[in-house]
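Listed in Swiss-Prot:
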type: REGION; residues: 1-159; note: region 'Hemerythrin-like'
type: BINDING; residues: H15, H57, E61, E130; note: Fe(3+) 1 binding site
type: BINDING; residues: E58, E61, H80, H126, E130; note: Fe(3+) 2 binding site
type: REPEAT; residues: 393-418; note: repeat 'LRR 3'
type: REPEAT; residues: 479-508; note: repeat 'LRR 4'
type: REPEAT; residues: 576-607; note: repeat 'LRR 5'
type: REPEAT; residues: 608-635; note: repeat 'LRR 6'
type: REPEAT; residues: 636-661; note: repeat 'LRR 7'
type: BINDING; residues: C662, C676, C686, C687; note: [2Fe-2S] cluster binding site
Amino acid sequence: MAPFPEEVDVFTAPHWRTKQLVGLYCDKLSKTNFSNNNDFRALLQSLYATFKEFKMHEQIENEYIIGLLQQRSQTIYNVHSDNKLSEMLSLFEKGLKNVKNEYEQLNYAKQLKERLEAFTRDFLPHMKEEEEVFQPMLMEYFTYEELKDIKKKVIAQHCSQKDTAELLRGLSLWNHAEERQKFFKYSVDEKSDKEAEVSEHSTGITHLPPEVMLSIFSYLNPQELCRCSQVSMKWSQLTKTGSLWKHLYPVHWARGDWYSGPATGLDTEPDEEWVKNRKDESRAFHEWDEDADIDESEESVEESIAISIAQMEKRLLHGLIHNVLPYVGTSVKTLVLAYSSAVSSKMVRQILELCPNLEHLDLTQTDISDSAFDSWSWLGCCQSLRHLDLSGCEKITDVALEKISRALGILTSHQSGFLKTSTSKITSTTWKNKDVTMQSTKQYAYLHDLTNKGIGEEIDNEHPWTKPVSSENFTSPYLWMLDAEDLADIEDTVEWRHRNVESLCVVETASNFSCSTSGCFSKDIVGLRTSVCWQQHCASPAFAYCGHSFCCTGTALRTMSALPESSAMCRKASRTRLPRGKDLIYFGSEKSDQETGRVLLFLSLSGCYQITDHGLRVLTLGGGLPYLEHLNLSGCLTITGAGLQDLVSACPSLNDEYFYYCDNINGPHADTASGCQNLQCGFRACCRSGE
């Protein structure tokens, strides 16, 4: 349902506060030691205050919302008659008054948990009903101006309650230092009645609605947000809102530059002196001996400054990974770690796992390896990526490009093209193992076995496969593809079982499949067993074929799903008929004509001298890179013109002005491409570095 205009949405703001309170008491309930009397009583007092606020909230709703709605609609009655708030308050009072010892506390705790769980199950849907049912009715029976006036009164009533500030403090503060300080202050210097009355009716910044606070926080930089998060629990939760952390620049932040806007003007290369300083920092940090004697020389002082900067960067990265990204990672669009002195492959792997919606990733001149991309382990896990800069990452090999290509996803148009091919070339193959007989297609039917159904459900002689496998139901189990000429040792499968392998797939060479794309060299695929990429999640046949020399061969795949229950194994499975009139496999959404994968616009592998033609051809899988405009392969010494041609043919939007590769390669667009950018470069690989 589309959200209602903010000015007339009378439920969302108060309900946000109420839902926060529900989350807080659930968290406290799980952390309370019921054997400890102090913890037990503190929890009950907190719950009592929370439910008093719930009671106040519903009284305001009854008077200013439900009551007015009942006057105009006869269908509304007894909205808050069965919410059990009074019963819960009585339960808390009983616990505070009557429970005396540890045995009674533990018995009471069991009852308390059951009652709270039951209340929460009813209370949250009740709020949802108000937002989805009563709000539209309000829009129907009241004018826009009337609703604006109602919302103002509701917010004012929530803010004017005497106990609101105290409830906020009681629910937000876990340490008792502030409470002791307040007690001491007011016991020594009591305020006059007049001052107390004024303070009760004053409205401070803590009473502002959450949406207003978020608007204020949006003007703060990351350092200021971190300071605000220490003010109170409420502010701590607000500062962890994803919209405040869309763009991350940890390397700049560690050096005092707290910019956190979009990545504009960051693509220009720094001068060599700046790069040298970053390298010196990295070297000093890695060579630093914590137990070494202190050297007071000028050179040592400069080195200690470099070490302290790198240490600051490392602490900042750890803080982001453990304290910020678990909450806001899905909202992060930009991550710039260029020239980082402290970042490691493990850190990058953790960050990428927490940030699946990245659009701009800059890892220029970092000391990462292929393992940094291990978290990109399934098809389309980072399909929003538009800018990827790996310039100067000398440890990057083809393995990383395999993971990157898989993470970019697969084009919808590419999927549909292969579905048409598959329906015309379906052949049946029988795999018999004792009493189990299975049938699959030569190319694509094996993916049906990746659903959660058991063998007994999938193999039914009377009910052929008719339901397409959509991407929404796909659970991405592991799929192991083996070369039929070089099968794995049985000991290897033990390790796979520990890695939660759910399916096993055997690949056989088939010669009757020809790629539909022109210019294919029809070479066989070799070494699939040794490829790390294909030993991960393999979710699409279109990802295994393309119109280039790397993959113009067919495969017949035979799949055995995870072991079913014993009863299923005892039954003899009948051969399964495959309907040819319908699509057997479906990858993608019918609802959108716009591509959601492989939208990369910028790719720089400058100085990645270990990249080969294999890595370039991997990028053509799944539909190529149709939107790529900028491609920098300067310093990639081992690639050839054939590999470049294969990649360029899969990049129809490539701009020759931003296409860079070694001058010694006789490749595509030789007259219009921009050549090598690394000539006489002091910090990037180049075949002419010594000149």
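Using the three backbone atoms N, Cα and C, a Cβ is placed for every residue, glycine included.
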With the Fe(3+) 1 site defined by H15, H57, E61, E130, which remaining residues of that chain have Cβ atoms positioned within 8 Å of the Cβ centroid?
F11, P14, T18, E58, I60, I65, M127
How many Å separate the Cα atoms of H57 (Fe(3+) 1 binding site) and H126 (Fe(3+) 2 binding site)?
13
H126 (Fe(3+) 2 binding site) sits from H15 (Fe(3+) 1 binding site) (Cα to Cα, rounded, in Å) at a distance of 11
CA pair H126 (Fe(3+) 2 binding site) / E61 (Fe(3+) 1 binding site), Å rounded to integer, equals 13
Cβ density check for H57 (Fe(3+) 1 binding site), other Cβ within 10 Å (all protein chains) comes to 22
Fill in the CA-CA distance, C686 ([2Fe-2S] cluster binding site) to E130 (Fe(3+) 1 binding site), as an integer in Å.
66
CB contacts for E130 (Fe(3+) 1 binding site) [other CB atoms within 10 A, all chains]:
20
